[in-house]
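Each remark here refers to the structure printed beneath this line.
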Amino acid sequence: MFYYTLFLLIVLCLLILSNKIKNDFFFYILVIITVLFSGLRYDAGNDFFSYYSMITNVVDINRLELIPRLLIEIAIAFEQPFLFFLLSSTCYIFSIAYFCKKNSQNKELSFLLFILLPLSFLTSFGYIRQYMSIGFYLVALSLFLNKKKKKSFIFMLLAILSHTSSIIFIPLIILHKIISRKKINILITISLIIASYSFSWIIKEYSYLAGNYQHYITGKNVIDAGKKIGYICLLLLIYFYTLSIRIKNKNNIYFFNIFVIFVILYILLMDFGEYVVRISYILFPISYILFSSTLLKNKNLRLLQLLAIILFGLSMFYTTLYLASKNTTRDFLTNYSFIFLKNT
């Protein structure tokens, strides 16, 4: 875990400088370092070797969406596998940085939470196509909120061309005015969460409608994982509801309601394992913004709150690494090394 700890120390130093000096220079340096840490990795991410095999012409790439296929073809053309991981990391991480900068009241905190929290930075090492799509989707959302609808449409298209699952969530952007009217009542949320868990069997009943993807719901490809994350997301929702008095403007109300939708969807799908529930991951980054918009006004309480949030994030980060090291299939994260050192 040496590389991860060293990376975190650099991250924390740069975030402190960025916050204190009030200059975007250190923030962008941090973003670049994060891109390099992700893009120059070797043997980190559960699908790392699948993509590596595609680049070395061992596995066919025709089934992939257009954008990841183009990035792989660039890596093949230059005979440099690292280019795929570097370019995909650049797309995703710069998109997240843009999302945090445009929407967060504390971009440093939001970007730190992107690195620390589950379903985020570390998970992106594995689900490369999906996380590129998530990044583009968040840029599309940000542009739409800033009345740049034509540019937003372009990034919606990029999201779909990275991973087709993102098309399901495009209506959440288009329906911004409706979703941002007022915060969803907690009693309605509780009722919907109970209903989603109680009636999740309907997904299995009609899984045949998923066509070629049915085996992820009912077959041997079901992975029994994700429930613990579901409970953590529920706790986060309770936390945001507790501090929801701090959420006042239309955009923050919108983000709050989107997170409610995320939790309901996650609870609905979590019994079907990671391959199915991960379709909801696209909405989790909303939490980075909500953490910043629910900070307290009192300086002393705010400081304690920030400390608690960061400690929570660190515990999630190292728990993810620990669980990866104990994975019975393969250690997907802690074998990390730089791709240029893979033979040393």
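Note: Cβ is positioned from N, Cα and C throughout, glycine not excepted.
According to TrEMBL, the features are:
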TRANSMEM  6-21  transmembrane segment
TRANSMEM  26-44  transmembrane segment
TRANSMEM  82-99  transmembrane segment
TRANSMEM  111-132  transmembrane segment
TRANSMEM  152-174  transmembrane segment
TRANSMEM  186-203  transmembrane segment
TRANSMEM  229-245  transmembrane segment
TRANSMEM  252-269  transmembrane segment
TRANSMEM  275-296  transmembrane segment
TRANSMEM  303-324  transmembrane segment
Outside the transmembrane segment (186-203), six or more residues from its ends: residues with CB under 8 Å to it: 217, 234, 237, 241, 260, 263-265, 267-269, 271-272, 276
Distant-in-sequence neighbours of the transmembrane segment (275-296), which means Cβ under 8 A and at least six residues beyond its ends: 96, 99-100, 103-107, 109-111, 113-114, 117, 119-120, 123, 127, 130, 133-134, 137-138, 165-166, 168-169, 172, 203, 216-217, 221-223, 226, 230, 233, 236, 239-240, 243-244, 246-247, 252, 255-256, 258-259, 261-262, 265-266, 269, 302, 305-306, 309
Sequence-remote partners of the transmembrane segment (252-269) [C-beta within less than 8 Å, at least six residues beyond its ends]: 103, 145, 172, 176, 179-184, 189, 192-193, 196-197, 200, 203, 226, 229-230, 233-234, 236-237, 240, 244, 276-277, 279-280, 283-284, 286-287, 289-290, 293
Leading contact stretch, 6-21, 26-44, 303-324 vs the transmembrane segment (111-132) - CB distance under 8 Å: 303-324
Tertiary contacts of the transmembrane segment (6-21) (same chain, 6+ residues out, Cβ under 8 Å): 27, 29-30, 33-34, 37, 106, 108, 111-112, 115, 314, 317
Selected stretch (most C-beta pairs under 8 A with the transmembrane segment (82-99)) from 26-44, 229-245, 303-324: 26-44
